[in-house]
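Database features (Swiss-Prot):
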type    : residues                               : note
BINDING : R71, S72, G73, N84, L88, I89, D90, K98 : substrate binding site
Amino acid sequence: MHQVIQLKILDSRIGDTIPLPAYATDGSAGLDLRVCISEPMQVAPQQAVLLPTGIAIYIADPKLAAVILPRSGLGHKNGIVLGNLVGLIDSDYQGELKISCWNRSQEHFTVNPGDRIAQLVFIPVVQASFEVVNEFTESSRGEGGFGSSGRY
């Protein structure tokens, strides 16, 4: 599936010294988001910072949204994860994409201009309506949760 999304460049370095968001491989689900800062920045242990990307997107289609997700290598190797775990970008949002970066490690982490720090994935959206009921139609699971379907 291919969808054209409007992208606004908010910082002139984007597309020049800092590449536009791009898929790293043909099979990548997420576009790499890069940090748009002027100089290297230290993120202290347990510190959370909001990092600019220098871009804004407008999805427009209410059947689509985007999520900002962490890059697996940064979390596993460096303890760098998203402070909000997942960033949800609604179809009508038009502001700058920012990355909430949390250093959960015990070491300082340096973020350099143009570093790939997160990824952007587009997802389908179902806008649901509710039917208020007194009882649910019975299912095999019922109210079982938190491990009720098996240990692993």
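Positions of Cβ are set from backbone N, Cα and C atoms, glycine also.
Recorded features from Swiss-Prot, shown on the structure.
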residue	record	Cβ contacts under 8 Å, 6 or more apart
R71	substrate binding site	D32, R116, I117, A118, Q119
S72	substrate binding site	none
G73	substrate binding site	none
N84	substrate binding site	S100
L88	substrate binding site	A65, A66, V67
I89	substrate binding site	I57, I59, A65, A66, V67, I68, L97, L120
D90	substrate binding site	I59, A65
K98	substrate binding site	L50, L51, P52, T53, G87
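Across the residues the record lists as binding substrate (R71, S72, G73, N84, L88, I89, D90, K98), the two Cα atoms farthest apart are 26 Å from each other. When secondary structure is read from DSSP and collapsed to three states, D90 (substrate binding site) falls in the coil class.
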